[in-house]
């Protein structure tokens, strides 16, 4: 387990370095920046001597490779540079905007997971077929509506029409609900689609039929067999949806006029503030890598048969994977799922 965790942290560090390097090269290839635009602006009336001082101060007069090494050395010391527009440290700007975005994305993630669970369960266990089919169509509907349209509809009905929520952020929890629900629907659609399909597939597995044959009711089978096995693909998709969640936060914060990373990104793009943009890319990459690392570590918690070092757990102890020898029937028997949970269900036998 220790080797696996160290390996994952090494891969995460490699991904962070690659993302930082790629973003640095791409942003450096863009024409112009905030300092160059200020120098070339005739209204600024900057003399050539002042322009040279500005370029030297921000290190823009040095070769690209030297700028990269300087920025990378600063990153290792926690220094992301300074904004080209107001001169403030990038870490200060991100530290001011990050708490609001974390609150929004965290609540949106909770809403998205709850929506996906409710849709997946109702689409498979609702008592009426018409209701099951109706609920199963919700993910396609939610996924087809853009985020900014949902946000505008929320503002139109609940803010301007019913006056239940403020039109802009006022620091209250009520003002956070509408953007969180808007962003939560963005990730709820794919999660719900995968979850309801996974439940259908799991309910048809042989070990679920064994649970029912040994006297388990539908609730027990769902809680001890269906839910765990259906959560694995949802957990994988949840880690992959982190990037979509961060991108959706930019649009949501712009629609609801919330301060955060999204508003900071929009301002940096409009002014071509390259250090701020690079800092935002780094923060998004750290969030994405962290979430996917937690997802990988959560796999053995959901399914104890999965071990972090790649071995298989059998009867409470660790053994090696069976070799591909013997007959086909032997290999199929070795690959059968663990049905130990069925042993704890009492069998009711009625005598005639």
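Here the Cβ of each residue, glycine as well, is placed from N, Cα and C on the backbone.
For 98-299, the entry in TrEMBL reads domain 'ABC transmembrane type-1'. What TrEMBL lists as transmembrane segment is 12-30, 102-126, 138-161, 173-196, 234-256, 276-295.
When Cβ distances are compared across the two stretches, the transmembrane segment (234-256) makes no contact with the transmembrane segment (12-30), since fewer than 3 pairs at least 6 residues apart fall below 8 angstroms.
Looking at 12-30, 138-161, 173-196, 276-295, the range that has the most CB pairs within less than 8 A of the transmembrane segment (102-126) turns out to be 173-196.
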